[in-house]
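Since the structure comes first, as structure tokens, the remarks are kept for the end.
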Amino acid sequence: MKNILSIQSHVVFGHAGNSAAEFPMRRMGANVWPLNTVQFSNHTQYGHWTGCVMPASHLTEVVQGIANIDKLKTCNAVLSGYIGSAEQGEHILGIVRQVKAANPDALYFCDPVMGTPEKGCIVAPGVSDFHCQQSLLAADIVAPNLPELELLGGRTVHNVAEAVETARALCEKGPKIVLVKHLSRAASREDSFEMLLVTPTDAWHISRPLVEFERQPVGVGDLTSGLLLVNLLKGVALDKALEHTTAAVYEVMLVTKEMNEYELQLVAAQDGIANPRHHFQAVRLS
């Protein structure tokens, strides 16, 4: 069984960050070691929340505790998501180096959350620069959405072809795999939800139906990153990993819609996460 050190935000109520990714990754058969960058009452898109950002040193101290009991060598991957400060990010890269020293085969999967102010997702000053200048170079796998892809790539992306070009340019800086979690306005169709998985030599495109909500649930990207990582650690081929991730997230969205809920209904959808009823084919791009 694979072990994932998941360094992300945590909400007490609802699902975002570790609160969105931890249970689905466990349901997929991975051991998850959740390490929280922030602890908030709820996610920030409610407009009101309480809680705190963890000191950057807290992250390092906790991981050192794991090293002290000689278990860091069993860590197969570090997954990072929302960070509360650029200083936290620098400490996370130190943790990645420490994990890789203990297990050279360990992967670093970076979900470079840079904030979407118009949706209420705000990151601290310096976080975007940290991702562009540091985490991108250290990551084995990076999973931006479209605005994050544009920031990382330093260009505007208008269509699928340009998204592939930009993702492949990122591969030249460090990552072996780039997952574009949501093509949004660069998608080939307005009525579909589309993603890309890009390596230096290959690219796959996948689409599924959009599930419309009055208020779009939060944590979908965190869920997506976690599921893809588990699939990759299991040795699933890239295209099949993308297909399962897409179908599993779709199952969660359908159940959440059916239950008329704002928060992702992960427990109710757990069987669909492990064994999706729907299938979407990843198309290899020439």
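Keep in mind that glycine also has a Cβ here, set from the backbone N, Cα and C atoms.
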Which of ASP105, ASP111, ASP239, ASP271 shares the ATP site with ALA143, GLU148, LYS181, ARG208, PRO209, LEU210, VAL211 per Swiss-Prot?
ASP111
Please find which two of ASP111, ALA143, GLU148, LYS181, ARG208, PRO209, LEU210, VAL211 have the most distant C-alpha atoms, given that the record lists them as binding ATP, and give only that distance in angstrom, rounded to a whole number.
23
Which one of the binding-site residues (ALA143, LEU210, VAL211) has its C-beta surrounded by the most other C-beta atoms within 10 angstroms?
ALA143
Between C-alpha atoms, which of these binding-site residues comes nearest to THR44 (substrate binding site): ALA143, GLU148, LEU210, VAL211?
GLU148
Residue from SER9, GLN45, ASP222 whose C-alpha is spatially nearest that of ASP111 (ATP binding site), among the binding-site residues:
ASP222
Closest of the binding-site residues to GLU148 (ATP binding site), Cα to Cα, picking from SER9, GLN45, ASP222?
ASP222
